[in-house]
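What TrEMBL annotates here:
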TRANSMEM  36-58  transmembrane segment
TRANSMEM  70-88  transmembrane segment
TRANSMEM  127-148  transmembrane segment
TRANSMEM  184-212  transmembrane segment
TRANSMEM  265-286  transmembrane segment
TRANSMEM  292-313  transmembrane segment
TRANSMEM  383-405  transmembrane segment
TRANSMEM  474-493  transmembrane segment
TRANSMEM  505-523  transmembrane segment
TRANSMEM  535-559  transmembrane segment
TRANSMEM  613-631  transmembrane segment
TRANSMEM  727-748  transmembrane segment
Amino acid sequence: MSDGKHTYLKFTVNTLRLLSMWPQEGSRCSSFLKQYYVTSILTVTILPVVADMMTQFFEETVSLTDVIENVIALTALLGVIYISFCFIKNKNSIRALIEDLAQFEAFSPMSLIHSTEKSAQFYTKLFIFYGLVGNFCYGLMPLLHYRVCQKNKTFHMLKYGIPCGMVTRYVLPFRYDTSPLKQLLIVTVIVECTLATTIIMSVTMLICGVLIHLTSHLKRLKTLIADLSFCPQEELHEKVRFCVRFHVALVDYATRSDLCFNKMMLLHVSWTGFVISVLGFEIIMTDDVTEALRFGMHLAGWLGMLYVVCHYGQTLMDEMWIRDLPLSWHYQEKQQLTTPTNINRSNTQLTRTMSHDYLKFFVKTLTVLNMWPRNHSTTIKQYYVTTIVTITTFPILADLISQFYEDDTSFASVNENFVALSALYGVMYVSTCFIRRKSEIVALVRDLQKFEDYSPKSLIEETDKSVGFYTKLFIVYGIVGNVCYGLLPVLGYRSCQNDRSSHMTRFGIPCGLVVRFLMPFRFDYSPLAELVALYEITICILVTTVIIVITMLICGVLMHTTAQLGHLKGMILEMSSVTDRDVLEGRMRLCVKYHTAIVDYATRADQAFNQMMLLHITWTSFIISILGFEITTTPDYVEAFRFFLHLSGWLGMLFIVCYYGQAIMDESSAISDAIYSFHWYEKESSMQKYVILILLRSQKALTLKACGLKVMSLATFLGVECDLECCCMLICVFSGFVLGLFVLYVALETEAHAVSDREVNLVLAQSPNFYPSNVGSSKSLRHLTRYGCSA
C-alpha cells in the first residue's frame with residue numbers, strides 16, 4: 001500500500017491520528033512536536049499531583065485515602081506516558097505493520113478479511129465507548145459528596161485552596177476553590193482522564209487488532225492444510241508450496257509484531273499489578289459505596305485491558321501450533337498395500353450397522369434439565385435453568401446491599417451471601433458456556449462410536465460403565481449433601497430466634513434458611529417461611545446437579561480418550577513381535593490413523609470445554625477462600641461442618657477434573673515412550689517415517705486447558721490447595737494483628753478516661769498518624785476487629 005491509505009484498522013488509526021500520535025507526512029520538526037503534545041500535557045499534569053502528595057507528608061495528620069488516590073493517579077499517568085513514548089518510538093514500524101496487512105489478500109479471501117476487520121473494529125469501539133462513559137462517571141462521582149466534603153474540609157485543603165469534587169487533588173501556586181476556577185479545573189481533570197483512557201485503549205486495541213487478523217489468517221491456513229487431504233495428486237505439490245509461503249508470511253508478520261509491541265506489553269505485566277493492588281486496597285478500606293464503585297470501575301478498566309491482550313495473545317499461540325494433523329499424509333502413497341489388516345478394517349466399517357449410544361446417563365439428565373439439544377427444543381427452554389438461577393440471585397443481592405446501610409452489619413451474613421452468589425454465578429457461567437458449545441459437545445458424544453473402528457467395543461462399554469458409576473456416586477453425594485446443607489441451619493433455629501438482628505426483624509427474614517433472602521414482603525410466618533426454605537434447598541439440588549453432570553461429562557470424555565490412548569499404546573508395543581513386512585506396514589498405518597483420530601478428538605474436546613474450565617481455576621479459588629475464612633472464624637461447629645460440606649464439594653469437582661486431565665497428559669506422553677521402545681531402527685526406512693511422525697506429535701502432551709490460562713492437572717489442583725493454605729495462614733496472621741490492635745485500643749480508651757482531652761490531643765500530636773481521621777468509625781474495621789478477636 002504505497003499510497004498511504006490505511007485500509008485496515010481504520011477506526012483505531014483515525015483515533016490515533018486525532019491524538020496526533022500517528023505518523024504523518026510533513027516537516028519532521030513539526031511532526032515531532034505534534035506527536036508528543038499529548039505526552040507533554042500528561043507530563044505537566046503530573047506536577048500538581050506530585051505536589052499535593054509531597055505536601056501532605058509535611059502535615060501533622062496525613063490522610064491515607066488521599067495519598068492512595070494520588071498514587072493511583074500518578075501510576076495511571078506514568079503508564080500512559082510510557083505507552084505513548086514506546087508507540088511514537090516505533091511509529092514507522094507500526095505503520096508499516098498495519099499497511100502490510102494487505103499482503104494477506106493474496107492468501108485469504110476478501111470476505112474473511114472484511115469480517116475480521118469488522119470484528120476488530122467493533123471491539124475497539126466497544127472498549128473506547130466504555131472508557132468514555134466510565135471516565136465521565138468516574139469524574140462526576142466525587143460531586144455526589146460535594147456537600148459532605150464542604151462540611152469536613154481538611155486543614156490541607158483549606159490551606160492550599162483545594163476545592164471539593166475533584167477526581168484527584170491538585171496543589172497549584174494559587175488558590176482555585178472559587179468559581180469559575182474550580183469548575184474549570186474539574187472539567188480539565190475529566191478531559192485529561194478521558195484523554196489518557198483513549199490513548200491506552202486505542203494502542204491496546206491496535207495490538208489486539210493485529211493479533212485478531214493474525215489469528216484469522218492462521219485459521220485459514222489450517223483449513224487449507226485440511227483440504228490437502230482431498231487434493232488430487234497432480235495439484236498437491238503446488239498447494240503445499242502455497243501453504244508454505246502463507247505460513248512463512250504469517251511467521252514473519254508475527255515476529256515483526258512482537259518487535260513493535262513487546263516493550264509496551266511490559267506495562268501490562270508490571271505496572272498493572274501495582275495499580276490493581278492499590279485499587280484493591282482502596283476498595284476494601286473505603287466505607288463509601290460510591291467511592292468503592294468508582295475505584296471498581298477503574299480496576300475493571302485495567303483488568304479488561306490486561307485480559308483482552310492476554311486472551312488474543314493466547315489465541316495466537318494456540319493457532320500457531322498446527323496440532324491436529326488434519327492432513328492425511330499416511331494416504332499419500334503411489335500404491336496402496338492390501339494387507340489382511342486393511343481387509344479387516346474395511347470389514348469393520350461395512351458391518352457396523354447398529355450404533356451404540358455412549359454416555360447415556362448424561363444425555364438423559366441434561367435432557368430432563370432441557371440443556372441437551374433436541375429436534376424441537378428452543379433457546380428459551382435450554383436457558384430455563386439459567387433463568388431460574390438468575391432470578392434467585394436478586395433477593396440475595398438485595399439482602400447483601402441492604403446490609404451495608406445497617407449499623408450492625410453481620411460479617412458472617414455478608415460472607416454467606418458472597419458464597420451463595422459466587423456459586424450461583426458459577427453455575428450460570430457453566431450453563432451458558434455449555435449451551436453455546438452444545439453442537440460441539442453433541443458431536444463429541446456421538447463421535448465416540450468412531451473408536452469402534454480401532455478398539456474393541458467391550459473396552460468402550462466398560463469405560464462408559466465406569467463413567468456412569470462415578471457420575472451417579474457424585475450426584476448422590478451432591479443430593480445428600482445439599483439436603484444436609486439445607487437442614488443444618490434448622491438446628492440453630494432457637495438460638496437464631498433469640499438473637500435475631502434488627503435487619504431480619506425489619507425485613508421479616510425468618511431463621512433456618514440456607515442463605516438470607518430479602519423480598520418485597522415479609523415471609524417470617526407459616527407457610528411462607530417453610531416454602532422459601534424448601535425453594536432454597538431445591539435450588540441448591542438443581543445447581544449441584546447441573547455442575548456435577550457437566551463436570552462429569554467432561555471427565556467422561558477424558559476417561560474415554562485416556563482408555564483409547566492406553567489401547568493404542570498396547571497396539572504399538574505388540575508390533576515389536578511382528579515380522580511380516582506387509583502385516584507390519586498395515587498395523588503401522590492403523591496406528592497412525594488411530595493416533596490422528598485420538599489427537600483430533602482430544603483437540604475438539606479442549607475447544608469445547610476450555611471456557612468452562614476457567615471456572616475451576618478462578619471462581620473456585622475465590623469460593624474456597626471465602627469458605628475457608630468462614631470455617632476458621634465461625635464459633636459454631638454446625639455452621640463450620642455445613643461450610644466444610646460445601647468446601648469438599650468444590651474441591652472434589654476440581655480434583656476429579658484435574659486428575660483426569662493429568663491422566664490424559666500422562667497417557668498421551670506415554671505414546672512417545674512406547675513408539676521409541678519399538679525396534680524402529682531395525683525396520684526399513686518406509687516404516688521409520690511413520691515412527692518419526694508419531695514420535696514428534698506424541699512428545700506434545702494432550703491437555704485440557706482453561707481458556708489457555710492453565711492446564712488442568714494435579715499441579716493446578718495443588719496450586720489451588722496452596723491458595724487455600726495461604727488464605728488460612730493470612731487469616732490467622734491478620735486475626736492476631738487485629739486482636740493486638742483491639743487490645744491496644746482498649747488500653748488507650750481506659751487511659752483516656754483518666755486524662756483530660758488536652759493531654760490526649762498532645763499524645764496524638766506527638767505520634768505520626770498516617771491513617772484517615774475517621775478510621776475509628778469505619779464499619780469494615782469494626783467488623784474485622786470483632787471477628788479478629790473471636791478468632
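Just so you know, glycine gets a Cβ as well, placed from its N, Cα and C.
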Region pair the transmembrane segment (265-286) / the transmembrane segment (70-88), three or more CB pairs under 8 Å: yes
Whether the transmembrane segment (36-58) meets the transmembrane segment (184-212): three or more C-beta pairs under 8 angstroms: yes
Remote residues contacting the transmembrane segment (292-313) - C-beta distance under 8 A, at least 6 residues beyond either end: 72, 76, 123, 127, 130-131, 134, 137-138, 141-142, 197, 200-201, 204-205, 207-208, 211-212, 215, 265, 268, 272, 275-276, 279-280, 282-283, 286, 707-708
Other parts of the chain folded back onto the transmembrane segment (613-631), taken as Cβ under 8 Å at six or more residues beyond its ends: 412, 415-416, 418-419, 422-423, 425-426, 429-430, 554, 639-640, 643-644, 646-647, 650-651, 653-654, 657-658, 704-707, 709-710, 712, 716, 720, 723-724, 727-728, 731
Beyond the flanks of the transmembrane segment (127-148) by at least 6 residues, Cβ under 8 Å: 15, 164-167, 186, 189-190, 193-194, 197-198, 201-202, 204-205, 288, 290-291, 293-294, 297-298, 300-301, 304-305, 308
CB contact flag for the transmembrane segment (383-405) and the transmembrane segment (505-523), at least three pairs under 8 A: yes
Folded-back contacts onto the transmembrane segment (505-523), same chain, C-beta under 8 angstroms, at least six residues removed: 395-396, 398-399, 402, 413, 416-417, 419-420, 485-486, 489-490, 492-493, 496-497, 529, 532-533, 536-537, 540
